[in-house]
């Protein structure tokens, strides 16, 4: 769905909209459900955007009660609260992390945002090494060593240009990161200009310059691809961190070493010989 989903306690702050819920106006929002636990009333709100729900708009193997499950035909019955409404729902929640609607909404947002960072991070870890191995000169192509160049005698030339002197100061870099990223995240979480209510996970507008959300059916499919690749990227980044600690090499060099000598360069061989600090 390309609509805003939020679970809010009456008179409380909505975690997604970031604004006080003082009244419900049918012309602006649709009331999807009223429920609660332990005597607490809970409203589920969605901004009316004119887009149909995923289940109603497409016959997709990734959504609905007949969607693909985590173990295929051997998966068994999914929990009642996993209905296949959202992308990436394979009916698996042994820890019950999605049982509470508010916790589920928060975890959905965290997963998607971290997935996007992981996809960008994985690309940033791999691409410089690939370029360096193909003749492109870098001061330091290995991802976990590159940042330390700012403390070297010559400093760090951003984009290879010594004219960009702000890159020579770690404080200036930190300030730029806080201001720029803070502004973007604030825009996303607060709901855009003038407090307009938007979905913080899929805000659209200027965040969708290619118009990927214009077609609801195609957008539903893109969201599944995003979360699947994002989960893979998060596992990849975890692997890159472990490689950096154990081998002291980047992912491309580790891959090349493994392909050259798979018997001696593999996870089992390193795990059995690894001594912290050496």
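Start at 1 and count along the chain as shown; that gives each residue its number.
Heads up, the Cβ atoms here are built off N, Cα and C, so glycines get one too.
Quick look at what Swiss-Prot annotates:
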| type | residues | note |
| --- | --- | --- |
| BINDING | 70 | chlorophyll b 1 binding site |
| BINDING | 92, 98, 111, 231 | chlorophyll a 1 binding site |
| BINDING | 114 | chlorophyll a 2 binding site |
| BINDING | 116, 165, 194 | chlorophyll b 2 binding site |
| BINDING | 149, 159, 226 | chlorophyll a 3 binding site |
| BINDING | 169, 185 | chlorophyll b 3 binding site |
| BINDING | 177, 274 | chlorophyll b 5 binding site |
| BINDING | 177, 188 | chlorophyll b 4 binding site |
| BINDING | 225, 243 | chlorophyll a 5 binding site |
| BINDING | 229 | chlorophyll a 4 binding site |
| BINDING | 258, 267 | chlorophyll a 6 binding site |
| MOD_RES | 46 | N2-acetylarginine |
| TRANSIT | 1-45 | transit peptide |
| TRANSMEM | 112-132 | transmembrane segment |
| TRANSMEM | 164-184 | transmembrane segment |
| TRANSMEM | 232-252 | transmembrane segment |
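Apart from 92, 98, 111, 231, the residues listed for chlorophyll a 1, the same chain places the Cβ atoms of 88, 89, 90, 93, 97, 107 within 8 Å of the centroid of those Cβ atoms. For the pair residue 98 (chlorophyll a 1 binding site) and residue 70 (chlorophyll b 1 binding site), the Cα-Cα distance reads 16 Å.
Residues listed for chlorophyll a 1, 92, 98, 111, 231, cover a largest CA to CA span of 17 Å. Close to the residue listed as 'chlorophyll b 1 binding site', meaning Cα to Cα within 10 A, are the following binding-site residues out of 92, 185, 225, 274: 92. Highest local Cβ density among the binding-site residues 116, 225 belongs to 116, counted as other Cβ atoms within 10 Å over all protein chains shown.
Considering only the binding-site residues 149, 169, 188, 267, the residue whose Cα is spatially closest to the Cα of residue 111 (chlorophyll a 1 binding site) is 188.
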